[in-house]
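> Below are the features listed in TrEMBL for this protein:
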{"type": "COMPBIAS", "residues": "A:86-96", "note": "compositional bias 'Polar residues'"}
{"type": "DOMAIN", "residues": "A:1-31", "note": "domain 'HTH myb-type'"}
{"type": "DOMAIN", "residues": "A:5-57", "note": "domain 'Myb-like'"}
{"type": "DOMAIN", "residues": "A:119-187", "note": "domain 'H15'"}
{"type": "REGION", "residues": "A:58-99", "note": "region 'Disordered'"}
DNA sequence: CGTCGGGCTACGC
DNA sequence: GCGTAGCCCGACG
């Protein structure tokens, strides 16, 4: 009630970045506890840090609403395949690449409608289903996706909004690609990747007895999608190494930049004869 | 206990 | 009306 909203200041943001640079992502509590940043982040919880960083990343990823790229990210990643935006993908969220590679979703799209526990995002599956069915070379826009999904699934009234939110997030995670107003499944990085069989051997050959509204073309598309995802998963794994390298470099660059600025300030003050207090 | 991902909603354009 | 950003909640380790 009495919480209008607490917007993040650039100080806090900078502290967060510095904290991430020092401790790495995921160590939100450490960052928050760190006496160095606690002065700025005392009013924020570790969850807040995580959330803020999430939004920060979206903007840093390349095309984002807000580009706060103050620091010229190092290019690096010489081995970059055919990826449009290989550089600084996600500072330390190699998680989305490797860990998140579990790509939960996808696999059992429609059959997941009323499945047991997992309760993962079935929306993602719907999106993949829709995209892989209407194979639009230019991608499908939100309206097309909404109507497609609405025809096959039960959706809440505010689904459109939900969907667009989800689409954005998927794009941010590099799972989808947005061209103009249309979305399509992203299939970046293509490399030799020997088919490392173990995983995708069981991509549910048959499914759909849950409801039965499934067409065979749809099923085929679903399987194809699952296959592609599995393939992409393998590629991601291989690519993760390169990405990590890039991350490391860009992180170093950021660090160096911060230190440089700090050093500059100190230098100027010193040359003016002022006394500088170091923390 | 801490982290992560999803979802909701107020706010700005 | 859409997109963004902060915040909350449940799940998982």
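Positions of Cβ are set from backbone N, Cα and C atoms, glycine also.
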> Across the domain 'HTH myb-type' (A:1-31), what is the average pLDDT of the model, as a whole number?
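The answer is 87, the mean pLDDT of the model over that range.
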> Report the DSSP secondary-structure composition of the domain 'Myb-like' (A:5-57) as helix, strand and coil residue counts.
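Output for the domain 'Myb-like' (A:5-57) reads 39 helix, 0 strand, 14 coil.
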